[in-house]
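K.L.:
Have a look at the structure that comes next, please.
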């Protein structure tokens, strides 16, 4: 393990001595105290000079005409830049260190992706400009589609959904359209306990009634319970695979066959596809629809760093219902954008409609394609292998100090799951998470999945080096030992952040929604 | 007055025609600090097992199911201002709603206090 400043060649970090001076500014060196932007600046200061309007305000606005100037803060451009840069210094980001947030796949965003996304032919185009002027963008979209179809073994891909949950909705709407096309009435969607929390919400939003299927003792779907519930009223199942316990659903093919046998469809939540990309094709497991989070598996930025993108791959049974518009190659291999006016002629009369105004997040498509092309087939396979290897390294390195409820059943996939079992009386998962902030890491996912008490879900992703993973393990080990020993200083962590532990309960019960009364 | 319990950690107390429903001390302890409670409106028809209320805590949002069928008489109005009553007095002031009991036979499927104590001891 490479400890920071191990050789001691740098001076001591942080304040020396006990009698610390206060500062007139409120800042403490690089620890910045920042006011709200409404508390900064003064009226009459502007970042830009606008010309005086040439004419009086348009007549006819009448009562909608503003009577008083809006209470905008008056700041110059450098003041605004400094305000947000100072705030960003109080934040944590994937570019600062590991972000082991289970289920979120916070991996490094390669700079090559960013370079490609900034090419003018991709970055400076508009969805409404003439189609013939963006042939290169269509080709890039078609190439991404080809890759996603190949990697998943599916028949088609709908690229327009903007995020994972939007993709789930797209898949469920395809299933609903397919059921309606057959003239059937299937009001129920089955969702196992090990699925992502968005799944039941999506099914309900798409107009289905949700029924929960229990997990078995080893953290997977209870196959017998699921099969016994199947029937002519079941539209389908939504299964997260690998699931939220970080485990591969081994019965997936049997489940798909059983669901298909009663005329239902299989939705797979592909948020954890990064654990199996290049290894398993969901199409071979009988999946009918699955969203892929480009911002997870294919490394496009997320978590405040950029918009998500949730393409949905579809089986041959659901492909005819895919939303418009989409890019499709003609017989000569040229990519075209198919919209409503061409849908019938191109064989897409059954499309259920649109998920979005246009065809999706171009900037995310470019980044994902750059990631795919820079890795290639063998590189993508190694992504899955390294993600799973790193998670298992964490699982096996910590199972002696943290309770790992499914560790005995075998290796995990891309994330390691621990519980709060064995912490000292009064010490919780939250205390360990807050302690991890003091250690300089973003906390792991806490209290999810719900099937494990006080869950701690750790996902290192493939982008952490062994040295970085060892540092995370050392910190988690130290925190586990403190929590088991009942170290009271952990109850008040974090101590080294710009703000001490916030009262989350009070914030939720009595939220302050305005900065002043 | 007899109190019955469900496997989902609701309790129901029946007094005459009126039943009061809440969640158990075990449930509030598992959920952690309650931040918001959505109680059903009077007049809502409930079948056994229907989602009747939603309890939000710092950890999760959880559905609360009707232990038996009936019609909602009132949701606990105190919880709007003081959801923490579910934490401090789950068996008393922190009750969630009052309802009628459509079919008293449904009470027979529930656990009594001793059976519930044995049930949570196993969890």
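Backbone N, Cα and C define each Cβ position, glycine as well.
Small disclaimer: the values here were computed from a predicted structure and weren't measured.
For B:18-100, the entry in TrEMBL reads domain 'Lipoyl-binding'. TrEMBL lists B:59 with the feature N6-lipoyllysine.
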K.L.:
Express the predicted model's confidence over the domain 'Lipoyl-binding' (B:18-100) as a mean pLDDT, rounded to an integer.
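P.N.:
Averaged over the domain 'Lipoyl-binding' (B:18-100), the predicted model reaches a pLDDT of 94.
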K.L.:
In the domain 'Lipoyl-binding' (B:18-100), how many residues does DSSP put in helix, strand and coil?
P.N.:
15 helix, 35 strand, 33 coil
K.L.:
Taking the Cβ of residue B:59 (N6-lipoyllysine) as the reference point, list residues of the same chain whose Cβ is under 8 angstroms away and which are at least six residues distant in sequence.
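P.N.:
Those within reach of residue B:59 (N6-lipoyllysine), by Cβ under 8 Å and sequence separation of 6 or more, are B:31, B:32.
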